[in-house]
Every structure is written in structure tokens, then in C-alpha cells.
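Asks: Submitted below is the structure of interest, expressed as C-alpha cells.
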Amino acid sequence: MADDEEIDIEGDDDAPLLFDHKDDALALPDLPGYEPNWMFDHGQEIYGRSWTSISQFVQTRTPLQVKNYARHFFKTKVVQKVEEGEDEDVDIEGEESGEEAVMELRSTCGLNPAQPAVVTSDDTSTGENVMEETEAVTEDHPSLDNLVQDDREMPQQETTGDGEQYPMDEHFLPVFPWQPDDTQNRVIVERIEGSVGLGSVRGDKDVRPVPGVEQNTYGPHTDMFQVQNTLLAFEKQVGADRIFEGPSXSKNEATDTQTEVSETKTEVIERQTESQVDATHMHTYGDGLMGSIERLTESVSSSELKEDLKTGIEYVEKDDATDSSSTAKGYDNYTLDHPEDRSKPDSVVSEKWSCEEAMSSHTDGRTFSDSDSGKETYDLPRYNTTIFQGHSEDETSDAGQAEEETFFTFKKPTEEVVLDRSVITEEEKEVHKEFFDGRQTKTPERYLKIRNHLLDCWERTKPEYLRKTVARAGLRNCGDVNCIGRIHGYLERIGAINFGCEEANRGEFPVAKVGVKRNPQGHGEQLALQAARLESMHVTSDELEKQDGGVSQIRPNRSRAARTNLNSFSYDPFKLVPCKRFSEESPAPFSVKIHATALVTIDMHAHISTAEVIGLLGGVFHRDPGALEVASAEPCNSLSTGMQCEMDPVSQTQASEALSQAGYSVVGWYHSHPTFAPNPSVRDIETQTKFQEWFAQGGSPFIGIIVNPYSSTRISPLSRVTCLTISSEWNPPAIQRVKLLSRYAGHTDTTYMDKMLYSLSGHLCRGNADSDEDGNSESLTLLTDIRDIFANSWTSSLGTTPRSSIASL
């Protein structure tokens, strides 16, 4: 954003709005009556310098746009402070003070769930009452001087563009907790110790009018609103001296706070005398909400709520007895009173409810009970927990999942359990609910197949420990690895498999979450919210053009398949190549006989190291029967790097001398693949080919042996051994010859030969540019000869006549 662009800092009505770009392709239509400047201002008070959160709060701007505007906003704010002569430091970056300001602002405005701010709403309220409210709110937070806010008058009704009213949910009335009133002026003084990150003294110009709501109406996008239960008229009991007194308040702190607040008392009274508060709207709002509470309580099962409340109270009394007792003294003294409606003189009965605040800071809603009967108690829905408690929806859902997760505890088995292969017990149905709830992919038959396969594998490998990765090799299309692992863990805990093994896990067994609702929102709402977030994070080419100041360059999107094909031709020396067995069609050039002593030496050498080992093979080659006899194996030192293995030249010489002294000649080499398949790698094939060429000069064969001692997919404890030799036969290469007589690139009259001759003539013409006609004739003769050579080679096999013209050349 340009530095010289005019930005609405003071809130004038005729100033341009935030990001007021007509041509911006990303600029969505703003909410009716909600100006982005006002949304940014109050979004900053709630979220601090979190531009992503503010952008989601505004809903029509991306985080990058919000960040650019904030940078320009604070830069202009510094210039304004300097021009006014103020020497207070303004925090521009807001790394530390912004976070402190948000915490102070949340706790001061009553956003802390442990200490809510209760505000009275009397018809005869004056500036003194406002000062008492400020004193009660800021009593526990001396870092802020005062916070004076009066939201007791409801603004005008919001309508759509066609003049129709928005429908209102009959259960709650959405109100912003920070909502300013256009019928009154307010003064907000926010001072943070050490800096003024969010602090400023704002009067008429700073506060923008917000479209209000009346009963049965609301503004668009109700998910932006939070229900304020504290906006109800709370009536103080007889004998109470103060509106609200927190459990940790003291008289000295109250006196100091009252002294600081009195400095702005005169200014507040003057501003409030300019516009009187209309209390009728509040009474109307109270009537509607009280009726909604009655309908809500009648529609909910009282027995279930009684049990939930009883459990919650017992939990609070046990875990937080001290805090709950002290807090109850401050909270239980307030009665929610539904006073007589002045607009309806006939109403005589006044409904009274006792407001009981939950003692735990994690309580999601306030609890209301009938003070007269004292029988039924109800919890209001958790509408106001997102902003007040400072927890996100993801944290709330994660906490719910942790609470709902259950475990099965099994006793340590004393003897091996033998299960009937055709019967599924009730315990298995309870533990593995996912296979018995009617799913198409997970059926009881599939569960039996997985369980019986694990039991069969255990019968073959006992008493060795059976790992689930080994058993999974024999299960194809039988479910995901998680469900196989859960069945393996269950059988292990009851003693059906891995009985007597030290590696067996006997701890708690988690139950698969079947039917647990991970997100409290509906599926449609969740998809809509996710789509809105993705849309807000999308950056178009037009926006990039505006940011960079020029035309954006769009790079072509390369397909994943193209990159995969290019990488497939790269040289990988560690790629394993499967071997091809000899058959009757391609018999082995000679037979191999290995002595048991040599095989024991190779296997023992491979077992003592997790890295690759290497050595030489000694034996005799019998030419008449064409048999190679391997009688001895000599281990050698290796130059292993963990990824490859090479033989030490000094050790190789010593091993060759030892085999010669024993009367054997070198007939091969061996090495190990500790944990992967005994297939040769590309590097092994190169080494084997090199050795075969050396020994083939003397007419002797040369073989290679690969041993795999620790196989992760083999159930048997025996090592896997592969004996290989490189065949002299090569597969014919793929046909890549170009058919010169075929059409070139879809042209009807041009062949590949015509294209080749035309290209050659261009080179010859440039070389004979300064020559005479004799040079041109020689070039034409050369092209004719080239055409005849290629044409004859193709026509001899196809029996056709080439159709190629050189007249134009």
C-alpha cells in the first residue's frame, strides 16, 4: 500500500474506508453497515497483532491486506503523536506490548471467565453509576486507569438492502461485547505500562456507529456475534454496598482505583448529558430473553441436566473447594430480576432467577435455576466461550476428544489363551466396535480374517516375538494399518499371541473412537467455515499485480507426472534390482555347490554387524560337469559408510593368500544386506560385472552371494541367501528409429525425410553463400545422394517408392 494514500485514522464519515479499492478483485462486498475500519479497530483490541485472526474477524480482507494497513496505520499514528507534541512512545511493531495489551484488555473488559463483570442497568443511572461500574471492573487490574463504557441503549433496527428485516433467533440476541452506541459518546482510556500499543484517548471521532439490533432482528453473519449474558439487568440484593466485589478485592485497592477514576468523572458526566439513555429497549430485550429461557428450559430434558449439573458441582467442590467457596460469596448474592415492563402497566408478576456462576474457569456457560422452587437447574448453551476464555475451537474439540477417550484394562495373563477361530466373543465386539457397526469396509468377516491370520503367524513364530509389521505382509486389502495394529495389541494383552515375550505390551488398551463427534459444529457449517478460510487465504493475480506495482508473471504449472518421469531416469546406485531365475528356456551356464562350513561362515559374519560385511569365496571349478564348488569363505575388512560396502584392498590381498595356501582359488565374493531384501543394487551389479570380466579371461566363473540376516518381512528366523551371476545376454534395446517415410507432425505433404533434407539444405546454403552456381549444384547432388541412401534402406524392407521432392531446395 502506498505511503501517501489517505487512510481514515480519526474515523471521519467522509474519509475513505479501509482498503477502499474499487478495482481490487479480492474486495468482497462489506457487511451492511459494518465498516472495515471499525472492524479492524476492535479486532485489534481483541486479538492484538494477530493479522490472521483480525482478517477472519473482518471476513472481507486477507491477512496480507490487514498487515499492510496496520503498518501504515501505526506509522501515521507516530507522526500524529509527534505533531501533537506528546512524548509517549508508540509501539509500532507490537511484539511484546501487543500481547500484554490483549491480556490486560481481556481481563479488564470482563473477558476472563473466572471474574465476569456484572453491570447494572437502572433507569436513573447517571455518571456516578458509571464510575462505580468502572471501579468494580478495574479493581483487580490496576494496570489500566479506567474503562468507561455504557451500552444500555439499543441502536436502530438493521434491514437488508430491500428493506426487509433480518430474522432473529428466538433463543438469544447477538450483541458485541465491545459494541459502541451511536446515541451516546464514550471515552475509553487504555494505558499499558511501558508503551501505548493499543492505548489512546478516543472521543466522538474514534467511535463509529454500529448497526444495532432489536428483538427478533439481527445483523448478517451471526457467527461473528457472541451472546452477552451480563447485559441482562442484574438487581442487587438489599444490604449490598457495591455493584460487584471480586473475591480478591481489598478496600485499599478500591480507594486507589476510585481516586484514579474520579479524574475523568466530570468529562464522562458532560458527555452523557448530551444523550439520555433509553431504558425501554433494555426492558424489551429482557422480556424477550426471559421468554426464550423459559422455552429453552421446557424443551430440554430436566433429568439429564440435573445429573450433569450434579456431577459438575461435585467435581468443583472436590478439586477447588477454597476458590469455589470464596467465589460463591461474591456471585451468589446476585438475583437476575425481570422487572415490570414500563410499557406494559398490566404486568404485575416479576420473574426472578438466581444467577449462579460456575466455579471452574473452564465452565462453558452460566447456570440459571428457579429461586422459588429451587428444583430444576439448567445450563445455557455454550455460546460465549470462544472469545471470553481465549480458547480456539480446535482446542475445545481436542479437549472433548481427550475426555471422551476410554481405555480397556486387561489383567496380565498367566497362561496362553487359545481362541476359537470361528467365534467372536462379546469382549471383542466391545473393544473393536468399528467392525460391528454396519460399515461396508469393516465387517465381522474381515475382523475374523485379520485375527486368525495373526494367530497363525504366532503359531509359526513362537516363542519369538511377533511384530505387527511382519504379520501385515500377509494381509492385503484387509483394512488400514491402524486397525490391524489394534487387533494385534488386543490379542497381545489377553495372551493369545506373544505370550511369554519380554517385548509384549501389557498396558492400557485405547478403544477406537466410533461414533465420536470430533467437531461440535455441523458438517455443513464446518465445510462452509473451511471454504471461507480458504477463500480468505487465496491471492489472485490481480492482487499480486497491485502489490508488486507491475504485471505479475504466472509460471506454468508443471504436472507431478512429468517430474516423476524425469526423476525415474536419474542414476541411483542404491536401487535394488530383482533377479531373474534360470529356467528351461534360459538354463544356467554352470551349477553351484556350497559347503556347509562356507555357508556357516557367511551367515555368522553377517549376523555380528548391522552394517554391510564383505568377504571372498574360495573353491574349485570342475569344467567337465560344469560345476562350481565353493568350499571356503574368508571374511575381509570393509570400508562401509552405512549405505554401501567396499572391500579393503589390504584385507583382500590377505584373504586371497589365505585361500591359495588352503589350495583354493578365488571363485566369488559375498556381502550382506542386513535389513533389506537380498537383491543386488545397481552398484553390486557393476562390481559383479567387473569381477566377472577379470576372471572370465582365464576361463573361470565368478559368482556373488548376498545374505539377509535380519529380514523385516520374513516370518522364518532363517537368513535369506541369493546366489547371482550376470548373464552375457542382453535384452534388445527399445526401437527408437524414426520412420522417415511417415508424416511429420501431422502434416499431409511433409515426411520426416523432407524435414531432414530441408534442414540440411539450410546448412549447405549458408556455407555456399559466396560461392558460384557450381557450389549450389554440388550441394543439390549431396542432398540427392543422402535421400537415395535413406530411401533405399527403407524401401527395400517396405517395398514402396519414396515420395520426396528436392525441387524446392
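For all residues, glycine too, the Cβ spot is worked out from N, Cα and C.
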Asks: Would you mind telling me which of 125-138, 139-152, 209-222, 671-684 Swiss-Prot tags as motif 'JAMM motif'?
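Replies: Of 125-138, 139-152, 209-222, 671-684, Swiss-Prot gives motif 'JAMM motif' for 671-684.
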Asks: Of all the binding-site residues given, HIS671, HIS673, which has the fewest Cβ neighbours within 10 Å once its own Cβ is left out?
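Replies: The binding-site residues HIS671, HIS673 were compared, and HIS673 has the fewest Cβ atoms within 10 Å.
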Asks: Any same-chain residues 6+ apart from ASP684 (Zn(2+) binding site) with CB under 8 Å of its CB? Would you list them in sequence order, or say none?
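Replies: Non-local contacts for ASP684 (Zn(2+) binding site): HIS671, GLY704, ILE706.
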Asks: Quick check: which same-chain residues outside HIS671, HIS673, ASP684 lie with their CB within 8 A of the centre of the Zn(2+) site CB atoms?
Replies: GLU612, CYS645, SER672, PRO678, PRO680, SER681, GLY704, ILE706
Asks: DSSP-wise, what's the residue breakdown of the domain 'SWIRM' (410-508) into helix, strand and coil?
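Replies: Summed by class, the stretch gives 48 helix, 0 strand, 51 coil.
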Asks: DSSP says what for the domain 'SANT' (33-78): how many helix, strand, coil residues?
Replies: 36 helix, 0 strand, 10 coil
Asks: Give the three-state DSSP assignment (helix, strand or coil) for HIS671 (Zn(2+) binding site).
Replies: strand
